[in-house]
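Visitor: What follows is a single structure, and I will ask about it in a moment.
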Amino acid sequence: HVRQLYALVSETLRYSPVLEKLLAGAALLQAEKKLPPQLAKVLVYDLLFGKGLKCGGRWKLVARRHRARLEAELARLKVQRKVSRNEDLLAPAQAAGPGAPQVPRYVRVNTLKTCVDDVIDFFKRQGYSYLGQAASMEDLRAISGKKFLLDLHLPELLVFPPQTDFHDNLLYTSGHIILQDKASCLPAFLLSPAAGSHVIDACAAPGNKTSHLAAILKNKGQIFAFDVDTKRLATMNTMLMRAGVTGFQLAQQDFLTVDPADPKYSKVTYILLDPSCSGSGMVNRVPREEAAPSAERLQALASFQRKVLSHALSFPALQRLVYSTCSLHREENEDVVHAVLQERGLAFRLVNAFPSWPCRGLAAFPGAESCLRASPADTLTHGFFVAVLERLGEVAAAPSSLPTAAEENLQHGEGAAPKKRKRKKQREN
């Protein structure tokens, strides 16, 4: 019981910010005025997140009387933050547990509603100190307190210290900023669809990459977004509307059932494919006790990933495709790309994407270094894998090793600051 109690208290501390919101929302302390606040946190954690410690006495009975209200408040908080798992309510460093790499809080400026300069000014008015553009990974690693930087690789990404919480910030609730890990920003950035293009987001929910695509397209063009989960699509629709995204069609459909010959998709020239994977690279989604996926599980995932990647490459007008996963396993990454290229190698080639990115693909086959990898230790992000494929021959646009935005940055030095934009007349208070 002593060990159980110690573990319970430790986890309660980890979830403390979430528990405070639940207690306030359910008004538990107002209803039970004799219940000590710290004990209330332990009891609520035990009821909603724990494994059911068999002690607690009369206070546990008191907390159970309010269980329905607490569960309703937890559900409301998940909807508000657009997450489906309890673990996802935590800031990355909290969720990863003690000793885990400290991943900064990345904030993508939603250029459909604002610009980088105005967002920087907003945060400065809130008491944050802007340190300019990062010159190296060490700058990102050293950031602390109420300070923030412009990322050295992505032109519309701001970097704050780990555990900085913006879920209640006006810019977040109004859709002016998107809380998105840096590695998760790479797929849309590297796909770099031209304004006016038709794009498929094959496995789209929860929608951060879709909104990023819309921002790159400047809402000029068409995005077809697919996902099989009704609830995730509903949440995604709300998020896209809040972000000011237009010109998108959501479909509750398995991408493998989409007919590439359908005239509706005859102008699709770009596809972003981020299929289901083991999630082994997600710092805040893998519990410390969770075992690595079995060989059978990896084999099943890789089989699906090969099938969906091959299907995506069969769209007749496709010019560029980005394949990405949040997995660390070669079986889901380099091996999948290699297998599909062997099938379709006469039609598509692997592009040497973002040459300045420090982490490359594993040496699984000749040319695998053209792929990108990301990790908490090396790039201060979640674990990620990205491969860019382009069609060979006359159909494809002139091949390049980088999207236009990235090429411009490198011409002015890695991570050059974005051009000054005209300020909006209406600015946030």
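Cβ atoms are placed via backbone N, Cα and C, with glycine included.
Take a look at what TrEMBL says about it:
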type: ACT_SITE; residues: CYS326; note: active site, nucleophile
type: BINDING; residues: CYS203, ALA204, ALA205, PRO206, GLY207, ASN208, LYS209, ASP227, ASP254, ASP274; note: S-adenosyl-L-methionine binding site
type: COILED; residues: 60-87; note: coiled coil
type: COMPBIAS; residues: 418-429; note: compositional bias 'Basic residues'
type: DOMAIN; residues: 95-392; note: domain 'SAM-dependent MTase RsmB/NOP-type'
type: REGION; residues: 400-429; note: region 'Disordered'
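Describe the structural surroundings of these features, if you would.
Guide: In sequence order, SER184, PRO187, ALA188, ASP201, LEU272, ASP274 are the residues near LYS209 (S-adenosyl-L-methionine binding site), counting only same-chain partners six or more apart with C-beta under 8 A.
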Visitor: Using only the Cα atoms of CYS203, ALA204, ALA205, PRO206, GLY207, ASN208, LYS209, ASP227, ASP254, ASP274, which the record gives as binding S-adenosyl-L-methionine, return the largest interatomic distance in Å, rounded to a whole number.
Guide: 19
Visitor: Within a 10 Å radius around the Cβ, which one of these recorded positions has the most neighbouring Cβ atoms: ALA205, CYS326?
Guide: ALA205
Visitor: If I restrict to non-local contacts, at least six residues apart, and a C-beta distance under 8 angstroms, what lies near ASP254 (S-adenosyl-L-methionine binding site) in its own chain?
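Guide: Within the chain, ASP254 (S-adenosyl-L-methionine binding site) has Cβ neighbours under 8 Å at PHE226, VAL228.
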Visitor: Reported as an integer number of Å, what is the Cα distance between GLY207 (S-adenosyl-L-methionine binding site) and CYS326 (active site, nucleophile)?
Guide: 15
